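Notes to accompany the following structure.
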Amino acid sequence: MPVDCPIHPATPLPPTELVDRLTKLATSLVSDVFGRWAGAPGLLPVAGLTTGQVVAGPALTVRTRPGDNLVVHKALDLARPGEVLVVAGGGQTDRAVLGGLMGQYATTRGLAALVVDGAVRDQADLAALAPPVFATGVSHLGPYKDGPGELRCPVALAGVAVADGDLVIGDADGIAVIPRARAEEIVALAEEKRSAEEAERRAIEAGTWDRAWIDAALRMVELP
Ligand SMILES: O=C([O-])CC(=O)C(=O)O
Ligand SMILES: [Mg+2]
């Protein structure tokens with residue numbers, strides 16, 4: 001007996017130029033200008049991300065029963081090039097919901113990254129064949145394929161609300177999520193923050209980095 005799989009309408013893809021600008025930023029810059037609030041804690045790169053690489057794209061959201069990947073397979077069939085697969089698997093890490101074969105297929109589907117609030121497996125194959133993968137865990141125990149699940153629905157990704165089409169950025173520090181409606185504003189603010197940090201880096205090199213604010217904030221108590 002087939003199981004129902006509700007699917008919400010796909011959101012229009014964002015301008016390529018906006019996604020390109022995101023890949024020149026960093027998760028830390030995005031979360032700094034977004035109330036230090038944008039990050040999905042515990043989601044770290046587990047395969048495929050190269051040193052210094054930043055990935056970004058609109059979310060293709062999936063809600064699945066923890067430990068089951070029937071609808072995750074369906075999401076791969078529906079993915080549009082450039083999307084970031086966002087799987088809300090309840091953070092359960094005792095059973096993988098994605099592995100090397102799916103990762104290889106995701107590459108052929110043009111996905112920019114795979115994000116799983118749950119476990120993945122076949123790390124070596126993922127590293128060799130899949131887009132960069134972020135997950136909360138790794139487990140060789142395989143998924144069930146019974147459903148249920150829901151596609152392009154609002155999800156909770158490690159406690160962060162993600163709507164289909166929201167912009168996701170990932171790097172060595174993890175994942176940050178930007179609501180689609182605020183993407184232009186947040187990207188512009190993060191670019192300003194990047195310029196400010198570049199100026200600080202030049203000041204460190206020149207030995208002129210302002211440290212006065214620390215002494216203003218601390219009253220040092222000399223102990224005998
Ligand atoms: O069995 C599955 O669906 C997950 C998996 O290991 C793979 O994609 O290689
Ligand atoms: Mg496998």
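For all residues, glycine too, the Cβ spot is worked out from N, Cα and C.
Remember, TrEMBL labels are computer predictions, not curated facts.
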Candidates R63, R65, R121, the one TrEMBL lists with G99, G100, L101, M102 as binding substrate: R121
Chain-internal residues, separated by at least six, CB under 8 A from L101 (substrate binding site): D122, D125
